[in-house]
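Here's the structure we're looking at; comments come further down.
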Amino acid sequence: MELKGEIAVVTGASRGIGRAVALELGRRGAVVVGTATSEAGAEAIGAALAEAGVEGRGMVLDVADAASVEAFYGRLGAEGPGMPTILVNNAGITRDTLLMRMGEEDWRAVIETDLTSVYRMCRGALRAMMKARRGRIVNIASVVGAMGNAGQTNYAAAKAGMVGFTKSLAREVGSRGITVNAVAPGYIDTDMTRALGEAQRQALLDHVPLGRLGTPEDVAAAVAFLAGPGGAYITGETIHVNGGMYMA
Ligand code: NAD
């Protein structure tokens, strides 16, 4: 129970990587707030946490909406469990298309949801973390931010931006006892990658030395490490959880 006494907020916890992260941090003793974009989703998260024996709740949050973020932090403070000591910025979307077909709406939606959201969520959490002189922030980036991917200029820009943001914020808040890191998954078996056809999945696997897609639990283990005692002296880093894709 190495995370006992911590309050963890995980955005986009209704499914996939976010759900696995929320459950793993909870199993390690944190009180967990998992966010969803709907009331039904928030209730489902609450039920999943309870079923796993984890203390916590689901809450509604749209990270792409500044007013929703502000209301979320207000409710956390007023209704409990209180301001986070661990923040995992996981919520994200893709809107894939080649640049010459990409309208501004597809560009803005991804930048807003995947990058500007991190700016907002960190600002909301940091005042309390700075006062307490402790905190852990983990941003979920992507292999695409480092390698690029045709059809994902918007997503790659957001995820690469997230890495620069992570390094810069780590420098700003290190003296306050707060670490800021990123975890960059490769191809993980979630709804996001299930949308790919079988041929495309097989082509991806050809680039993965470990010979399989990752699981949400593979990513959750890295996040939990950075949030726990083992991550105490690590900041500004990106851990790549991608089965060795860079070596292929
Ligand atoms: P997913 O689509 O299964 O889950 C995304 C989550 O984000 C959902 O819970 C969704 O409700 C939430 N979300 C979307 N828009 C939101 C908004 N405006 N406000 C709040 N929540 C919102 O995806 P996933 O595969 O679990 O991805 C989770 C994170 O991991 C994302 O940031 C994604 O970019 C990143 N990632 C995934 C992969 C992969 O292969 N699956 C690889 C690299 C990075």
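For all residues, glycine too, the Cβ spot is worked out from N, Cα and C.
Among the features that TrEMBL reports, domain 'Ketoreductase' is placed at 6-186.
Per TrEMBL, NADP(+) binding site is recorded for Gly12, Ala13, Ser14, Arg15, Thr37, Asn90, Tyr155, Ala156, Ala157, Ala158, Lys159, Ile188. Less than 8 angstroms from the CB of Tyr155 (NADP(+) binding site) sit Thr94, Arg95, Asp96, Val110, Asp114, Ser142, Val144, Asn149, each of them six or more residues away in the same chain. Classification of Tyr155 (NADP(+) binding site) by DSSP places it within a helix.
For Tyr155, the entry in TrEMBL reads active site, proton acceptor.
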Which of these binding-site residues (Thr37, Tyr155, Ala157, Lys159) have a C-beta closer than 6 Å to some atom of ligand 1?
Thr37
How many other Cβ atoms sit within 10 Å of the Cβ of Ala157 (NADP(+) binding site)?
18
For the binding-site residues listed here (Gly12, Ser14, Thr37, Lys159), which one has the lowest count of neighbouring CB atoms within 10 Å of its own CB?
Thr37
